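Notes to accompany the following structure.
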Amino acid sequence: MKIIPPKPFTIEKGKRAVLLLHGFTGNTNDVKRLGKYLSERNYTVHAPLYKGHGGDPNTLIQTDPIEWWNSVLEGYDELRSRGYEEIAVAGVSLGGIFSLKLGEERPTKAIVAMSAPALAKSVDSLQNRIIDYTIKYKKLSGTFNEDTDSPQELAKKFRMPSLEYLQGMINETSSKLETIQTPVHILRGLRDDDYYCESADLIYNSVKSRIKSVKSFINSGHILTLDEERELVFEEIYHFFEGLKWKE
């Protein structure tokens, strides 16, 4: 089966712009439905694809978090170059922590952080994400072999040397959360790992935003934008953005 690689996407509508950020080992499909929902309500949206993501796992493991972060900055700059002065950002999982990092480093209208990790997980846990992605990719592409593609064997072939740097990037972002004063809305799924639910509280208590809130979704897991309550998630994000004072 031939896999059609995901691509960055832009939908230009109104003057209110939203940068949409996907997760680790994910791709722009994580946020495509959200982008469509917001664009139908006159928001311009842009979703960058992090370098190495969305394709062969061999390509992914040869990239590093600095390159992924540069993809985020390029996405932000793309919106700026198109003339958008007010840019909100919404991200899921790693995209959630990248959204917060963007709020620390660039002018942002508002931040929506979904299932964001406040502190990095272990390297082994992150490495397991690579293995899970590799197995999924091989099965979709028809190259999976039961004999040679066990998790143990794949762990030997698909080591990602930059995962410790990713840990450091997440922890550094969390250590600077108190510098954020822009409006922040934190979303979590109560069927997600407790770690992410607790992270939501840590983020809420750390940011210095005058406007900040946490919303829980009882029947959702980790990737809120794809789970069964996604329409409620989209509506929640839209109403949060609508409650802001935009120039236009």
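Cβ coordinates come from backbone N, Cα and C, glycine included.
Taken from TrEMBL, the feature active site, nucleophile applies to SER93. The active site, charge relay system feature in TrEMBL is assigned to ASP192, HIS222. What TrEMBL lists as domain 'Serine aminopeptidase S33' is 15-228.
For the pair HIS222 (active site, charge relay system) and ASP192 (active site, charge relay system), the Cα-Cα distance reads 5 Å. Remark: SER93 (active site, nucleophile) has HIS22, GLY23, PHE24, GLY26, MET114, SER115, ALA116, PRO117, HIS222, ILE223 as non-local neighbours, by Cβ distance under 8 Å and separation of at least 6 in sequence. Cβ neighbours within 10 Å of ASP192 (active site, charge relay system), excluding its own Cβ and spanning all shown chains: 22.
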